[in-house]
There are 2 protein chains.
Amino acid sequence: MESTWAQLLVGLLAVAGVFAAVVLGVLLLAWAPLRGRDPARARRWWSPLAPALRVLAETPVAVWARVRRWRLPRAVTAWLSGSLRHPARLVMLGFAAAVLVGTGLLSLPFATETGRSAGLVTALFTATSAVCVTGLVVVDTGTFFSSFGEAVILGLIQIGGFGIMTLASLLGLLVARRLRMRLQLSAQTETKAIGVGEVRRVVLGVMRISVIVEVLVAAVLAWRFADGYGYSTGRAVYLGVFHAVSAFNNAGFGLYADSLMQFVDDPLVCLPITAAVIIGGLGFPVLFELRRELRSPRTWSVHTKITVGMTVVLLAGGWLAISVVEWSNPGTLGGLGPGGKLLAGFTTAVMTRTAGFNSLNVAEFNDVTLLVHDVLMFIGGGSAGTAGGIKVTTFALLGFVILAEIRGEPSVHALGRRLPAGVQRQALTIVLLSVAAVAAATVALLALTPFRLDQVLFEVTSAFATVGLSTGITAQVGTAGHVILILLMFIGRLGPITAAVALALRERTRRYELPEERPIVG
Amino acid sequence: MESTWAQLLVGLLAVAGVFAAVVLGVLLLAWAPLRGRDPARARRWWSPLAPALRVLAETPVAVWARVRRWRLPRAVTAWLSGSLRHPARLVMLGFAAAVLVGTGLLSLPFATETGRSAGLVTALFTATSAVCVTGLVVVDTGTFFSSFGEAVILGLIQIGGFGIMTLASLLGLLVARRLRMRLQLSAQTETKAIGVGEVRRVVLGVMRISVIVEVLVAAVLAWRFADGYGYSTGRAVYLGVFHAVSAFNNAGFGLYADSLMQFVDDPLVCLPITAAVIIGGLGFPVLFELRRELRSPRTWSVHTKITVGMTVVLLAGGWLAISVVEWSNPGTLGGLGPGGKLLAGFTTAVMTRTAGFNSLNVAEFNDVTLLVHDVLMFIGGGSAGTAGGIKVTTFALLGFVILAEIRGEPSVHALGRRLPAGVQRQALTIVLLSVAAVAAATVALLALTPFRLDQVLFEVTSAFATVGLSTGITAQVGTAGHVILILLMFIGRLGPITAAVALALRERTRRYELPEERPIVG
Ligand SMILES: [K+]
Ligand SMILES: [K+]
């Protein structure tokens, strides 16, 4: 092993470089057929993102001229250019590319400490877990991977977290713009595209908040690791940066085999990490609004009000429930003092949504705590942030629908605003499809492994909501089980977002109406 | 012990008599204040049922004149008369009365074989389980209760099954009528009330179908018990009647400690019982329609099409899944021949929805089978029948909503008909509140008992969906656990129906509209 720092640098550059090359390649392949043939196609969904795409794609025209001579099968270019018309497919393609790049890099012999390749499944699992900011691991990150491998993982986490925050925010803007246009008939005055200015604002805004939070938290952690635990400055900075990036991106990867268990009663380690987790989990739209209007909650949008309110409620509820149930469990809170119990309970409550570090031993939790975890993990965090799950707004929306139904009100109101009928059905669809995915995977894993329902349900929910907590069975579910978890992480990371966007953009009017009939329910 | 037949007769008469007296008493107490004071009140919700109520209530005016002199507290009569304005509350009141009557009768010393009172919790649990046609038991029905006790249980099952089928059908008619009136402005031409003719048609129709199915199945079973198992004619008839009534009403109570396990490969016992279960579980509205239009499925209503279709799909799916998973499990299907396996798989698939007999040992089922059971039990059977659960139409409706959403269609269509927006939200509300009830009870039982998640979830789902299957933990969950199960059975039996009716009748128009705002979901 040469210099650790050199390895880290090479690793990060490798991820960034290869990923950029792959994205560029995809864009190049897809751009020309779209661009050359039909000017009308310029009006496709991606036209709002065109300014950003164009910058990336126009430059290496020469490269394209070469690629063109390869005469790729028409089906491939057709599929790729078709993908460009569906935001859902394109975002999935980007994440798949990142996972493949990561798998390739993590398969390299010098990505591991032993110098032997990690093997395809381990590399694919780790890369998916990193890009989808999940944090489930089949090998111990700190001891199995070399510094190069760790840097690759860190790079994948940053790409995954940044990508999801940026893309989800942009797609959110796109949906809002489209629906506004469809609603008002003043379509002429407003352009269909999200301007370069808006794209830049989102990208820079996400970058700024990421850098600020990660640097601050890394600094505090580095100081604490150096000062309180006697690490060398270099090592302390590295540990600080790794955990700060992992925390802000809600990734849950750590360099300690026991996650944060050795720091269970150290507020100077736990609190900065929880802060990064909560901020990252609120989502960019909320952070953007809070930055400007933190002091005037009345002016917040319904989205921000719901996200902040639900975050407070779920954190407080989780903290209380976990503390009460585990208070005297000798395997978890039992051995700690009152302060330590409160800190560990709070950290645990934060990590369920959906950061995935743990300062207590998950395998020792009471059944009830595991079930509380399942619920909190499934709900997850804020939209267009680094947290997973179905998202707090989706969950709250259904609550408002039920409330309206019980009150017998024809339209659904929340916090002084009417919620459109379309978004209600979208929330319902997302929740039920998510339940179906979790249920199907639970049945499959139950059938494939010798583990109990509570363990399997926990593992599946953790993978789907990209949480990364585990009762310890991740490494032992077999290859088929690993493939299921990989798919779950991917679907869980992208499914709810892309479903929401695809469904919202698909809203249309029906040309004919059938006669009405009412089945009996209940 | 005197003659068994005398005991049986006394038991049945006791249930019928005491229950009638209680119902009459409630009606009497509530009738006078409603009748005497304010003629405008005659327009309350119950006016459609008034013809039936009047017959019951007008007759014993003399009795009322006496009761009046007792000068009951005003609050009691006010609450009772208030209840009459809410169908949900009234139906609950009726079932609660039946449960109380049953508890009283089952607490009598001569209701048990030993001649000692069963005790309050056991009596209450058994009475609730019988009235709610659930079939969960804390003691073995056949050996613990005397013939009198068994007759009481049989009477409660018949009252519960008949009551739910009749009341749910009448309330369904009422809802349909109200909504039709509100929709069309031709309110003058149609009366708000369900006529005496309609009430009579439903009551007689339910009676007719109950008697026909129960007598036929009882005859086949009695013949088989006498001919194939050497019982005396009297005993065989008694066994036949008990199991036929229990099966048609989807109650799942049996007189054998092992339910139907000793008859696992006897089609002449299993098939008549499954037939009764399926017919009872379709629900009266479907049976009524099938009787008239069995041969022309195209003319069926959407409700009937969905119910029949889902019944076939869930039976076939359950049969296949259970057979595949359990095929070589030595504790269940493993020891049987191919024919026996198919029969036992079919019987098991039928019983999950939501009859509750078992011809295989539930405790020996694979984890996957238990989870498949949980899903099938939760979905349940047809509306306004003796089956429990959220009902197949409720479940299918959400599927149609998701399908419409994925297709981007603004209105939800099913089988050539448009489904009203109101009923969609009602279905959603019923499902999510049911999930919440099951989740809350699961957490509570997990905390209270030493049992595992798979066992507890199975028990809770079984109670909520009034199924009556158990992995064998029913008797061991402690008094607090029994109280939870009692509440679950009651809520599970009445919750979905009354919620559907209450929500549908509550639909109203909003007088003002708030500005619209769309939170980001997913
Ligand atoms: K995570
Ligand atoms: K039952």
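Backbone N, Cα and C define each Cβ position, glycine as well.
Heads up, TrEMBL stuff is auto-annotated, nobody curated it.
Copied over from TrEMBL, here are the features:
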| type | residues | note |
| --- | --- | --- |
| TRANSMEM | A:6-34 | transmembrane segment |
| TRANSMEM | A:90-111 | transmembrane segment |
| TRANSMEM | A:117-139 | transmembrane segment |
| TRANSMEM | A:151-176 | transmembrane segment |
| TRANSMEM | A:202-225 | transmembrane segment |
| TRANSMEM | A:269-290 | transmembrane segment |
| TRANSMEM | A:302-322 | transmembrane segment |
| TRANSMEM | A:375-406 | transmembrane segment |
| TRANSMEM | A:426-449 | transmembrane segment |
| TRANSMEM | A:483-505 | transmembrane segment |
Q) Do any residues of this chain, six or more beyond the ends of the transmembrane segment (A:151-176), have a C-beta under 8 angstroms from a C-beta of it, and if so which? A) 7-12, 14-16, 19, 45, 48-49, 87, 91, 94-95, 98, 102, 105-106, 111, 126-127, 130-133, 141, 145, 194, 198-199, 202-203, 206-207, 210, 241-242, 245-246, 248-251, 253, 280, 283-285, 383-386, 493, 497, 500-501, 504-505
Q | Leading stretch by Cβ pairs under 8 Å, where the reference is the transmembrane segment (A:117-139) and the options are A:90-111, A:202-225, A:375-406, A:483-505 | A | A:90-111
**Q.** Cβ contacts under 8 Å made by the transmembrane segment (A:202-225) with residues that lie 6+ beyond its boundaries
**A.** 52, 158, 161-162, 165-166, 169-170, 173, 231, 233, 235-237, 239-241, 243-245, 247-249, 266, 268-269, 272-273, 275-276, 279-280, 284, 287-288
Q.
Given a Cβ distance threshold of under 8 angstroms, which distant residues of the chain, six or more beyond its ends, lie next to the transmembrane segment (A:269-290)?
A. 161, 165-166, 168-169, 172, 202, 205-206, 209, 213-214, 216-217, 220-221, 224-225, 243-244, 247-250, 260, 263, 300-301, 303-304, 307-308, 311, 315, 343-344, 346-347, 350-351, 353-355, 357, 359, 381-387
Q. Short question: which residues 6 or more past the ends of the transmembrane segment (A:375-406) have a Cβ under 8 Å from it?
A. 132-134, 161, 164-165, 168-169, 172, 248-251, 280-287, 303, 306-307, 309-311, 314, 318, 349, 352-355, 412-414, 419, 423-424, 427-428, 430-431, 434, 438, 461-462, 464-467, 469, 492-493, 496-497, 500
Q.
If we skip the immediate neighbours and take only residues 6+ beyond the ends of the transmembrane segment (A:90-111), which ones have a Cβ under 8 Å from one of its Cβ atoms?
A. 11, 14-15, 18-19, 22-23, 26, 46, 83-84, 117-120, 122-124, 126-128, 130-132, 145-146, 148-149, 152-153, 156, 159-160, 163, 167, 171, 490, 493-494, 497-498
Q) Who are the chain neighbours of the transmembrane segment (A:483-505) in space, where the CB to CB distance is under 8 Å and they lie at least 6 residues beyond its ends? A) 45, 86-88, 91-92, 95-96, 99, 121, 124-125, 128-129, 131-134, 136, 160, 164, 167-168, 171-172, 174-175, 178-179, 383-384, 388-391, 394, 422-423, 425-426, 429-430, 433-434, 437, 441, 444-445, 448, 459-460, 463-466, 474, 477
